[in-house]
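J.: Sharing a structure here in structure tokens format.
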Amino acid sequence: MSLLTEVETPTRNEWECRCSDSSDPLIVAASIIGILHLILWILDRLFFKCIYRRLKYGLKRGPSTAGVPESMREEYRQEQQSAVDVDDGHFVNIELE
């Protein structure tokens, strides 16, 4: 009799394991935690850009414009756009020796 036949008894399905203590609550809890961990890891890898962008920037989408007149909204948009615009003619070349 070999050690393999004493420890593990193969079944017909090849996926099942005949363990006398497989109904142990600790084994069941570990299996559930392992499956949940796998599911969360897969979801994290699928949606990591959305998740971490949401954590980094929060739920904010910008300042609220409720109650602000349309003329002030347009002025704010123009200020934001002008802050983004860059004049390409003002570059400085620095040469290191």
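For all residues, glycine too, the Cβ spot is worked out from N, Cα and C.
Sharing the record's features from Swiss-Prot:
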| type | residues | note |
| --- | --- | --- |
| TOPO_DOM | 1-22 | topological domain 'Virion surface' |
| TRANSMEM | 23-43 | transmembrane segment |
| SITE | Trp41 | site 'Seems to be involved in pH gating' |
| TOPO_DOM | 44-97 | topological domain 'Intravirion' |
| LIPID | Cys50 | S-palmitoyl cysteine |
| REGION | 62-83 | region 'Disordered' |
| MOD_RES | Ser64 | phosphoserine |
| MOD_RES | Ser82 | phosphoserine |
J.: What's the CA to CA span in angstrom from Cys50 (S-palmitoyl cysteine) over to Ser82 (phosphoserine)?
T.: 29
J.: Rounded to the nearest angstrom, how far is the Cα of Ser82 (phosphoserine) from the Cα of Trp41 (site 'Seems to be involved in pH gating')?
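T.: Rounded to the nearest whole number, the Cα-Cα distance is 42 Å.
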J.: Around the Cβ of Ser82 (phosphoserine), how many other Cβ atoms lie within 10 Å? Please give the count over every shown protein chain.
T.: 8
J.: Over all shown protein chains, what is the count of other CB atoms within 10 A of the CB belonging to Trp41 (site 'Seems to be involved in pH gating')?
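T.: Excluding its own Cβ, the number within 10 Å is 10.
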